[in-house]
Amino acid sequence: MECCRRATPGTLLLFLAFLLLSSRTARSEEDRDGLWDAWGPWSECSRTCGGGASYSLRRCLSSKSCEGRNIRYRTCSNVDCPPEAGDFRAQQCSAHNDVKHHGQFYEWLPVSNDPDNPCSLKCQAKGTTLVVELAPKVLDGTRCYTESLDMCISGLCQIVGCDHQLGSTVKEDNCGVCNGDGSTCRLVRGQYKSQLSATKSDDTVVAIPYGSRHIRLVLKGPDHLYLETKTLQGTKGENSLSSTGTFLVDNSSVDFQKFPDKEILRMAGPLTADFIVKIRNSGSADSTVQFIFYQPIIHRWRETDFFPCSATCGGGYQLTSAECYDLRSNRVVADQYCHYYPENIKPKPKLQECNLDPCPASDGYKQIMPYDLYHPLPRWEATPWTACSSSCGGGIQSRAVSCVEEDIQGHVTSVEEWKCMYTPKMPIAQPCNIFDCPKWLAQEWSPCTVTCGQGLRYRVVLCIDHRGMHTGGCSPKTKPHIKEECIVPTPCYKPKEKLPVEAKLPWFKQAQELEEGAAVSEEPSFIPEAWSACTVTCGVGTQVRIVRCQVLLSFSQSVADLPIDECEGPKPASQRACYAGPCSGEIPEFNPDETDGLFGGLQDFDELYDWEYEGFTKCSESCGGGVQEAVVSCLNKQTREPAEENLCVTSRRPPQLLKSCNLDPCPARWEIGKWSPCSLTCGVGLQTRDVFCSHLLSREMNETVILADELCRQPKPSTVQACNRFNCPPAWYPAQWQPCSRTCGGGVQKREVLCKQRMADGSFLELPETFCSASKPACQQACKKDDCPSEWLLSDWTECSTSCGEGTQTRSAICRKMLKTGLSTVVNSTLCPPLPFSSSIRPCMLATCARPGRPSTKHSPHIAAARKVYIQTRRQRKLHFVVGGFAYLLPKTAVVLRCPARRVRKPLITWEKDGQHLISSTHVTVAPFGYLKIHRLKPSDAGVYTCSAGPAREHFVIKLIGGNRKLVARPLSPRSEEEVLAGRKGGPKEALQTHKHQNGIFSNGSKAEKRGLAANPGSRYDDLVSRLLEQGGWPGELLASWEAQDSAERNTTSEEDPGAEQVLLHLPFTMVTEQRRLDDILGNLSQQPEELRDLYSKHLVAQLAQEIFRSHLEHQDTLLKPSERRTSPVTLSPHKHVSGFSSSLRTSSTGDAGGGSRRPHRKPTILRKISAAQQLSASEVVTHLGQTVALASGTLSVLLHCEAIGHPRPTISWARNGEEVQFSDRILLQPDDSLQILAPVEADVGFYTCNATNALGYDSVSIAVTLAGKPLVKTSRMTVINTEKPAVTVDIGSTIKTVQGVNVTINCQVAGVPEAEVTWFRNKSKLGSPHHLHEGSLLLTNVSSSDQGLYSCRAANLHGELTESTQLLILDPPQVPTQLEDIRALLAATGPNLPSVLTSPLGTQLVLDPGNSALLGCPIKGHPVPNITWFHGGQPIVTATGLTHHILAAGQILQVANLSGGSQGEFSCLAQNEAGVLMQKASLVIQDYWWSVDRLATCSASCGNRGVQQPRLRCLLNSTEVNPAHCAGKVRPAVQPIACNRRDCPSRWMVTSWSACTRSCGGGVQTRRVTCQKLKASGISTPVSNDMCTQVAKRPVDTQACNQQLCVEWAFSSWGQCNGPCIGPHLAVQHRQVFCQTRDGITLPSEQCSALPRPVSTQNCWSEACSVHWRVSLWTLCTATCGNYGFQSRRVECVHARTNKAVPEHLCSWGPRPANWQRCNITPCENMECRDTTRYCEKVKQLKLCQLSQFKSRCCGTCGKA
């Protein structure tokens, strides 16, 4: 830790202090302040605006040391600079404008955002690329980066948060609020899809309001975006966004990017105006716009100041409230605006005590009482709980809670709720009756009622409550059945009665009931007791009886009483009328007549009411067969008026009559199923449903058939729909786990977890992690928690056991095991695999020990190295090498590397690879005998191998050759080859310098980079070897075939080329050359001129290849017997060289004459030989093909040699510039087929080609003859047209016509001495680097119309230049244009009122009436302009007869007039040019409608007498059914219905209409009659037994619940006190609560009573507190005697009318408040001398406001003296 010295003045002290600041530890300074003096004052700010820095110093008071910092910094002047201030960094750069830099003045501009040193002052000279660091650091307070608040202090960039504090990391949220939580804005995202419209050219995409941030819109499609703006002042603007760039629109920066298929619009914000993004439709296709931005919440809650105190003295309280504030208009608005945003949380009111001073003894109005000092706070008060909404199963009970205030007299009044918000509001609802509802409990079944066959069994079902008590209240609908059938396995032999009692006739059953008393059964039933005696002894009285609900318990054979609601069915009458005879007092004498009269009168009384039929009810169905029921009414026979049904005798009620109705079949209709659940909960899911066309044949049989969809006339409802089309909330989406980091011992596996949001269109949007509120799933987890197998842990080698001579080194081994917890533990050594002895002990060798008394001579070890280079050409299993050289080998070869060391023991030899010690492994064997073996080479084996024998060291470099004869890139190694080879014996520095010099041999500018030259000595021969491998050093075709692993491929190669096997017999496995030979070549090349170096390098490489082959063949020839040498001629066919140079190796001089028939047939091959370099001054030039001849003034003769081999012997011919050479006395063909030119002239310049031909093929080689070395270009004068091939290649000078999308290669073969440099031009402009240039050729990939033009190749060297050109024409085949507006406009102009149609490749159709004319358009584009030919019915239209037509607009429009049936059909236009053809079609159809009678429709009924079949009548157009309205004018065929299915119908249930509900609310019952009827073929419906219908269908229900809604009503409380707001003199408002409740008093939501008229909840009332009015005082004196600035004021207050005391102003708010100030003395001043016009001028002067014009003019006198 450095000491803190005493502060001394100067910049050096500040600099050192800041260094101390950066080196201090992070301990708190407060712990160490005891030795420090107090902090000094803050320095002045480094800037006056824009954010600067200020510092403070302190000194150390101790003589020892003080820990901590002696300087501290803070930000200052954090206010925005005015626009004219400019950039702070730019000001510092401009300060150097008057200082010369290198003797010249510059205008300096700032260079910002330097990633390496942002706090240095780097500036750029205006108008140049010169960038200079003018100062090592900028002034304190300069921003590090333009888009960051971080600032530079003492040359270092310090972090600054958005709170402008140093070291703060707080940032702005998406709303622009520093350290905000994002609650002041909301994310808006959406998608807009344009709709093609002929009448609508543009549309609004989205409106982005003022203040929005982070806006991004992406348009995909052909349409175009543009902007409309509107500022807060109402100024409107528009920006068309015509080009890519960054614009300033209404002071908002807009970044716009325009692409061929999309447009991107970005605005960082905040926006300074309202932006409306609009889209301009192009009309070609739909476009989609996706947008996202953060919209500010402009309405926010704002906490108010405290309200006035509730008491003026003696202690009161005051509260705050919250008001909704509009940030745009800066005004308070209604609260509903803030409730619109869920993010807005209304602040809770704050409460504080106030006016705690005691009240004065008397204020003149009242005597102070003790209770005046007590003022209780408002409180919540609740009403009693209402009755529970449910008697069981959990209900709700509620109460009203209101805020009340108690005055000093104890009167309680309701006040606004906000006054009680300082405490939690009491709950207004709570659960109640949460115990279970009564449930049905079924007991065990009784035994079967029969002993054989089928019978019945019964059980008791009781309603049990939650305490286990028998009670009522269970739902009858859910009651389990109490009776079921049972079968006894014993058969019955007694004949049974055919019909059960239930099936007997009604009157027979009634007789049975009268005769038999009701008996108790095992099913609950009503059991009436006997009638009581008549209540009177004479006359008409009543009788009563008890009716019980009883059940027979079969298991106990006892009768149990049940609640009445346990029995089903109507309850028997418990009361009836009775007649006890006349009440005359005398016993009459029996008189039959009188008796008849008496009882006859009673009979007449009974017969006064009777049942009668009154028509039928409405048909129950509108189609498909319904039923009508005869209406039976009880009528008064005398008045014929309806009476109550109980007045008629029930037993005499006539039977029910039913008849069928509306038997016509229902039309086919769509049957729609229910929607399935949505497949997704958000982010657009799908719902499906079944929709099918059905036809109801018979309602009584419920017979329905499914029809084809086209038979339903109505449009088919949708079977699928989107659902939940809203954005999902952001959620975490984890990816798959990655593989474990370990295979055992406890590893870790990771995965990527992204925060994404599934959008309403199904796509996913990746969001920042802060958007996902849920906890983030784990990104990593433990894995492979099992223990690892035991392994050896080896220590370092110990020192040698001796100080000289031979010794040993040892190391220890520990058996270690990695546990699943990740910790290691030592285990028993038996658990580890056996350890080789060599792994724990090895020999070591130090300096030889000196023998005492005898002088000795030191002989250091020596390694016999071989300085050779090896190049493997054929696969071989194993190769042996000696260290000291370089080897370029094929993969999978085994290598044995020997280290022949002398004067050292073999076991002491050690091996290294790339500087790392090598030990034996399964792949590399380090033998103790001084050699190293590598098994099957792989790329990682490439590198530098070093053998060490004591101080002696030798290296061996191994590199691999890939399958494409390229050197394999070496993997990364810890040490470079340069570092390893630098340790070679014999001066590493000199070797390195020599290597670096030789590396430059192949480099001339960019070519060195292109060849990838080596950067270390281990790669110095790589370029030569690569050239040998790539440029035909030996027959590559034979090598490639031999490299194949499959022996079958070798056999194939031998069969195809019989000479290949002979060549391979003489081809070496490895080519060997001396390193010094390669060093000589590199040295020779370094001495050549730079422009000829590449040319000679190719020459020397080819000679090197010949030498290698020749030395190998000569060595092999000496090993063969003479006979073998005579019969083994080998000729190696050369490999064509890129540059024209080649090597020719002939190992037999027998020529073509030798061998005779023994030689195999082979194609011609011209031998490429290398001649000596031509001397320009030679008079006779003799050369071989493949070179360049330069004609000089002294050249007398040129001899061009052409030697070819092949069998049969090839024929030689010569050509010049592609044309056959015309021999003359000056141009001669020699006997050896050489071409000689005597006295060459300029006309002889050109490319001469030797062609060798026999029956098997041909070969050709060219040679260039130039004039004095001038450039020569091989040209071709031909036109190439390409429409199909993917690539085309031509020589310069040709004309190319090709379609788009192909690759075009233009060859520019040049010659000249020195070699000419090629430059390409397009339309006389030089082509840049992006074009593909290779060896003089120009490659144009994927050509388009923009590539069309004139391409020129210029060849230039020291002797001149030559330019040749090729014209490239892009053909565009005929195709349909994407924009059809032009052809449509052409059709509209040709025939404005004529129907028209455009042709298309797939064909279009136009339907016309007979006699009309039509226009057919053929939209086409192409280059050249296609020629259009029209056809009709496949024949040229010019040959069509009977067709009136005109061809217009150069063939693009065909007008056909007076169409008829013969002229309709297919019209086609054929467009063709050089690039292709296109056929488009359109059909003209003459429409004609007619009626068609089809098959009979389905029978309208399946039975009965109403079934008919109607013949189906359809309106057709060209055999296609259309709307029948089209056939309205056609004669309709007469059709007659046919009767069908006239037979008896099976029995079916007939139901009547439902009766009226028994209750209007609270749950009632509806009933209807259900009978079994049978419809005869005659149409008569008769009742039958119910069993006949039960077999067909289940009996319909005859009772159902209705009007289940609760019975509700409005209820209200009593009127509250008259303490509401004043609305006039003496008038206030009082309130009462109005709520919805059931008749039982249960409170319900108000919506339940919405159908009922709601009582008023407020009314006006008389209030003494509202006896108030505004009182004003007199106006004060005017503040000025003249001018425009005088004003006067007065006091305005609200006072009580009786007491004349001031009261709160809100009590007078019902009337307008008088003005409390006004202008005055608005008259011009008479004299214009400088004087004050207001009395406030002294304050103006004290506040230094005189510089403001409005104050200076009014205080002229005072400010003039200032």
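Think of each number as a place in line: the chain as shown, counted from 1.
Each Cβ is built from the backbone N, Cα and C atoms, and glycine gets one as well.
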> So which of THR312, THR704, THR1305 shows up as O-linked glycosylation site in Swiss-Prot?
Replying inline: THR312
>> Among THR204, THR451, THR1404, can you tell me which residue Swiss-Prot lists with the annotation O-linked glycosylation site?
In response: THR451
> Where does Swiss-Prot put O-linked glycosylation site, among SER391, SER584, SER940?
Replying inline: SER391
> Going by Swiss-Prot, which one of CYS788, CYS832, CYS844 is joined to CYS815 by a disulfide bond?
Replying inline: CYS832
>> Annotation C-linked glycosylation site per Swiss-Prot: which of the candidates TRP39, TRP507, TRP670 has it?
In response: TRP39
> Here are some residues: ASN251, ASN1251. Which is flagged as N-linked glycosylation site in Swiss-Prot?
Replying inline: ASN251
> Taking every residue in the domain 'TSP type-1 4' (522-584), what is their average pLDDT?
Replying inline: 80
> Secondary structure at TRP36 (site 'Not glycosylated') (DSSP, helix/strand/coil)?
Replying inline: strand
> Should SER391 (O-linked glycosylation site) be counted as helix, strand, or coil on the basis of DSSP?
Replying inline: coil
>> Under a three-state reading of DSSP, tell me whether TRP42 (C-linked glycosylation site) is helix, strand or coil.
In response: coil
>> If I take the Cα of TRP39 (C-linked glycosylation site) as reference, which of the glycosylation sites THR48, SER391, THR451 has the closest Cα?
In response: THR48
> So for TRP36 (site 'Not glycosylated'), how many other CB atoms are inside 10 Å of its CB?
Replying inline: 19
>> Can you break down the domain 'TSP type-1 2' (376-424) into helix, strand and coil residue counts using DSSP?
In response: 4 helix, 17 strand, 28 coil
> Taking just the CA atoms, what is the gap between THR451 (O-linked glycosylation site) and THR48 (O-linked glycosylation site) in Å?
Replying inline: 115
>> Are there any residues at least 6 positions away along the chain from SER391 (O-linked glycosylation site) with a Cβ closer than 8 Å to its Cβ? List them or say none.
In response: ASN433, CYS437, GLY473
> Out of TRP36, THR48, THR312, which of these recorded positions is nearest TRP42 (C-linked glycosylation site) by C-alpha distance?
Replying inline: THR48
> What is the three-state DSSP composition of the domain 'TSP type-1 3' (436-493), stated as helix, strand and coil residue counts?
Replying inline: 3 helix, 21 strand, 34 coil
> How many other Cβ atoms are found within 10 Å of the Cβ atom of THR312 (O-linked glycosylation site), counting all protein chains shown?
Replying inline: 12
